[in-house]
Every structure is written in structure tokens, then in C-alpha cells.
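Record features, source Swiss-Prot:
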{"type": "DOMAIN", "residues": "38-73", "note": "domain 'EF-hand 1'"}
{"type": "BINDING", "residues": "ASP51, ASP53, SER55, TYR57, GLU59, GLU62", "note": "Ca(2+) 1 binding site"}
{"type": "DOMAIN", "residues": "77-109", "note": "domain 'EF-hand 2'"}
{"type": "BINDING", "residues": "ASP90, ASP92, ASP94, LYS96, GLU101", "note": "Ca(2+) 2 binding site"}
Amino acid sequence: AFAGILSDADIAAGLQSCQAADSFSCKTFFAKSGLHSKSKDQLTKVFGVIDRDKSGYIEEDELKKFLQNFDGKARDLTDKETAEFLKEGDTDGDGKIGVEEFVVLVTKG
């Protein structure tokens, strides 16, 4: 799904950083996987993969499954991790992350 954007090694490095429950940090994942240095167009494509229901937003249930977009065998995020991820990315307080919010979240480092 991320061909031409992330290599398998980049994805593995990102997943390696958050194997234990409650160890996920979106900033760490974005940095380790190299997502933080991608273009807005590339990040918009990544957003489209994570937005599984194609609503134009990443909702809480999609955040919980975030890691599985990168590896189908990856774990669900815990409720705590999901809530922190949402809080980091949802700058307008509507309870979901839009594409602009996602691009800012990934690139702000």
C-alpha cells in the first residue's frame, strides 16, 4: 500500500519502535519510519490508506488499527495510545483527524 513511499525496512523500523503495549508515540513512529520527511502528496496518499472508510477523516476506530495498515500482523493500539494519538492530531477538536491535520501532525516532528 505504501510502495514508492516507504520501504519495508522503513516500515519495520517504525513498527520496532512500538511493539510493547502503551509504547506507541506517533512522533517516534513517523520519525523512525521516515514518514516525517515525505511530501504533502505522499502523505495524502498515506492518509487515504489509513482512512479505511473513505470518509475524509481518520476516526478513533481507524487510529486503533493504525499499525495494521503497515503490517497486517501488527497489534491494535491501546485505548490510551489511541486517545493520545487523537489528541495530538485533532487540532480543531472535532474528534477526528482530517488530511490537513494529518500532514501537519506527521511533519511537525
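The chain as shown is numbered from 1 upward.
Including glycine, each Cβ sits where the backbone N, Cα and C put it.
Projection of Swiss-Prot feature records onto the structure.
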{"residue": "ASP51", "record": "Ca(2+) 1 binding site", "Cβ neighbours (10 Å)": "20"}
{"residue": "ASP53", "record": "Ca(2+) 1 binding site", "Cβ neighbours (10 Å)": "10"}
{"residue": "SER55", "record": "Ca(2+) 1 binding site", "Cβ neighbours (10 Å)": "11"}
{"residue": "TYR57", "record": "Ca(2+) 1 binding site", "Cβ neighbours (10 Å)": "18"}
{"residue": "GLU62", "record": "Ca(2+) 1 binding site", "Cβ neighbours (10 Å)": "18"}
{"residue": "ASP90", "record": "Ca(2+) 2 binding site", "Cβ neighbours (10 Å)": "19"}
{"residue": "ASP92", "record": "Ca(2+) 2 binding site", "Cβ neighbours (10 Å)": "10"}
{"residue": "ASP94", "record": "Ca(2+) 2 binding site", "Cβ neighbours (10 Å)": "10"}
{"residue": "LYS96", "record": "Ca(2+) 2 binding site", "Cβ neighbours (10 Å)": "19"}
{"residue": "GLU101", "record": "Ca(2+) 2 binding site", "Cβ neighbours (10 Å)": "19"}
Applying a 10 Å Cβ distance cut-off over all chains shown, what neighbour count does GLU59 (Ca(2+) 1 binding site) have?
15
Beyond the flanks of the domain 'EF-hand 2' (77-109) by at least 6 residues, Cβ under 8 Å:
21-22, 24, 26-27, 30-31, 35-36, 38, 40, 43-44, 46-47, 50, 56-60, 63-67
Taking only the Cα atoms, work out how far ASP53 (Ca(2+) 1 binding site) lies from LYS96 (Ca(2+) 2 binding site), in Å, as a whole number.
13
In terms of DSSP three-state secondary structure, what is the assignment for GLU101 (Ca(2+) 2 binding site)?
helix
Minimum Cα separation from ASP94 (Ca(2+) 2 binding site), reported as the residue among binding-site residues ASP51, SER55, GLU59, GLU62 that achieves it:
GLU59
Mind checking which residues reach the domain 'EF-hand 1' (38-73)? Cβ under 8 Å, same chain, six or more beyond either end.
1-2, 5-6, 11, 14-15, 18, 24, 79, 82, 85-86, 89, 95-99, 102-103, 106-107
Is any of the binding-site residues ASP92, LYS96, GLU101 within 10 Å of GLU59 (Ca(2+) 1 binding site) (Cα-Cα), and if so, which, in sequence order?
LYS96
Work through the binding-site residues one by one (ASP90, ASP92, LYS96, GLU101) and name whichever has its CA nearest to the CA of TYR57 (Ca(2+) 1 binding site).
LYS96
Determine which residues of this chain, when ASP51, ASP53, SER55, TYR57, GLU59, GLU62 are set aside, have a Cβ within 8 Å of the centroid of the Ca(2+) 1 site's Cβ atoms, and list them as they appear in the sequence.
ARG52, LYS54, GLY56, ILE58, LYS96
Would you kindly give the Cα-Cα distance separating LYS96 (Ca(2+) 2 binding site) and SER55 (Ca(2+) 1 binding site), rounded to the nearest Å?
11
Determine how many residues of the domain 'EF-hand 1' (38-73) DSSP places in helix, in strand and in coil.
20 helix, 2 strand, 14 coil
Please report how many Å separate the Cα atom of LYS96 (Ca(2+) 2 binding site) from that of GLU62 (Ca(2+) 1 binding site), as a whole number.
10
